[in-house]
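One structure is given here, and the rest of the page talks about it.
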Amino acid sequence: MTSGGGYGDPSQKIDYVFKVVLIGDSAVGKSQILARYARDEFSLDSKATIGVEFQTRTLVIDHKSVKAQIWDTAGQERYRAVTSAYYRGAVGAMLVYDITRRQTFDHIPRWLEELRAHADKNIVIILIGNKSDLVDQRAIPTEDAKEFAEKEGLFFLETSAFNATNVESAFSTVLTEIFNIVNKKSLAASEDQENGNPGSLAGKKIDIVPGPGQVIPNKSNMCCNS
């Protein structure tokens, strides 16, 4: 269970570091989602992200300290050159579209294809329909996105960075899933050691940033209703 909604203590011991990337078209609200989660801020004057930036937030999951390292890059085509470095070591991804702009949802399969080409094959992915506060401007029915997420084996939520709806839940869903996968791997390694098998990770701090090896759960368990 995720707890400790604070924004981190510099002196706190870190048990895990999870790299999560935000991807999607420009102006869907990726930077706003990150600002809301990392600093609980929202600015109507937010400018397009140029290049790459990342922010961190430390939280507690099952009594373990987890640092989320969240990367954000602009969605314009001219920044595609950063992709391989951007995706390297990521164990979670947030695939964001704007519920008021149909083309941003239509581009999601392309973003997903790029993600799967560059990232670890077992990366934990959540599809996010942002700007859910703009109900009267909705262009993508929730059911369409939910159906796509189920077909592709993704988590799904609709969020609003403006009023903070489901922003915490979206990050919590991804980070908790990664944590559970890592814990299962650690437990399996510990059992191997007890059985005299080599290659155990027991007793070691597991830093996930260099490269994951998760197993995605069954699709039937992966879609989170908004």
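Cβ from N, Cα, C; glycine included.
Listed ranges 37-45, 46-54, 163-171; the one Swiss-Prot annotates as motif 'Effector region' is 46-54. Compared over the binding-site residues Ala27, Ala161, the count of CB atoms lying within 10 A of a residue's CB peaks at Ala161. In the three-state DSSP assignment, the secondary structure recorded for Gly24 (GTP binding site) is coil. The sparsest Cβ neighbourhood within 10 Å, among the listed binding-site residues (Thr73, Ser132), is found at Ser132. Within 10 Å of the C-beta of Lys30 (GTP binding site) there are 27 other C-beta atoms, taking all protein chains into account.
Regional average pLDDT for the motif 'Effector region' (46-54) in the model is 65.
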